[in-house]
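Positions annotated as divalent metal cation binding site by Swiss-Prot, on the basis of sequence analysis: E52, H60, H62, E104. What Swiss-Prot records for G228, P229, T230, R231, T232, G233, K234, S235 is ATP binding site, and it gives sequence analysis as the kind of evidence. What Swiss-Prot records for 174-186 is region 'Oligomerization', and it gives similarity to another entry as the kind of evidence. Summarising the annotation, Swiss-Prot assigns region 'Transactivation' to 251-269 and lists similarity to another entry as the type of evidence. What Swiss-Prot lists as motif 'RCR-1' is 18-21.
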Amino acid sequence: MASSSSNRSFLHRNANTFLTYPHCPENPEIISQKLWDLVARWNPLYIVCAREAHRDGNMHLHALLQTDKPVRTTDARIFDIEGFHPNIQSAKSVNKVRDYILKEPLAVFERGTFIPRKSCFQGNTPPFPKKNPNKDEIMAHIISHATSKQEYLCLVRKEFPYDWATKLQYFEYSANKLFPDIQEEFISPHPPSSPDLLCNESIKDWLQPNIYQPADEGSRKQSLYIVGPTRTGKSTWARSLGLHNYWQNNVDWSSYNEDAIYNIVDDIPFKYCPCWKQLVGCQKEFVVNPKYGKKKKVQMKSKPTIILANSDEDWMKEMTPGQLEYFEANCMIYVMSPGEKWYSPPQLPPTEEV
């Protein structure tokens, strides 16, 4: 998994730490012993570390580390070992994380006793610093000492039962900000297989600078527009390129992943695509309004969008001259030829002569 964006300050505070070391062939036991020593001051209680194989044959490691006291650090390199840098996340559900780590291991190492957290965690939360704290001081204490989303909401419910009952959505919002959900490792929904995926030479020229290379400082990527018949494999091809945000039917910003390399807008009519200029223009740091959510700033770096449309929903036919001018200036336009496919036909077995 990709690490957090460098544009955001790093803060990790949790008694349950989930680590992923991509492209790491190290022995799980060696990694576990070094991690155990790294968190000695927080009193480690349990660790499980497993080595798995990517579909491309490369190895990666997952580890769940549980400590008596929450690990508190602003050092994004604290868990670096032998030159390997992990993705660091707070384990929202230690039971699910442990099951995820142990699903298909090639090698496993465990130390200590696993601590399942099925209900509100009581733990060793320190007492309030003063005898009669006010509401703000209690809330600050909860924010400072909660180690998970579940514990945070449990403490709020205990200290402010009326506010919890009437303003739960606001507490859930702050809990999600303090303890983001775990981003599972991306696995392409369309891995290389038979029949092989393919694309036009002109699109190959677009791929290199816009998907496979980082943008130069101050520059912007270029988007790609593909229009053509249905059932030609264009969606399968577009989704095979790497980690992406995928939207079909509507654009839902609530699940937007900043670590994605590119966006895909698939079969959404032009009039129903909000922020189309920002997406097509690969703009940075624009504000969106997710449904049932608060406005937020997204796309901290220039990111291309692949727009896929069938011939009957051709965006260019719906645009004003001014919109079309912007579209053509910021997007490579590819109109499919009759009979064109995005995959090679499967090879038929040779027929025997009679």
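Quick reminder: no glycine exception, Cβ is built from N, Cα and C everywhere.
Annotated features, which come from Swiss-Prot, shown on the structure.
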residue : record                             : DSSP class
E52     : divalent metal cation binding site : strand
H62     : divalent metal cation binding site : strand
E104    : divalent metal cation binding site : coil
G228    : ATP binding site                   : strand
G233    : ATP binding site                   : coil
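Taken together, the residues of the motif 'RCR-1' (18-21) have an average pLDDT of 92. Rounded to a whole number, the C-alpha distance linking T232 (ATP binding site) with E104 (divalent metal cation binding site) is 34 angstrom.
With E52 (divalent metal cation binding site) as the anchor, the candidate binding-site residues are G228, P229, T230, K234, and the one with the nearest CA is K234. Neighbour density at the Cβ, taken as the number of other Cβ atoms within 10 Å, is lowest among the binding-site residues G228, P229, G233 for P229. Between the C-alpha atoms of E104 (divalent metal cation binding site) and S235 (ATP binding site), the distance comes to 29 Å. Most buried of the binding-site residues T230, T232, S235, judged by other Cβ atoms within 10 Å, is S235. Under DSSP, residues within the region 'Transactivation' (251-269) fall into helix, strand and coil as 3 helix, 5 strand, 11 coil. With DSSP states grouped into helix (H, G, I), strand (E, B) and coil, the motif 'RCR-1' (18-21) comes out at 0 helix, 4 strand, 0 coil. The binding-site residues under consideration are H60, H62, R231, K234. Their Cβ neighbour counts within 10 Å are lowest for R231.
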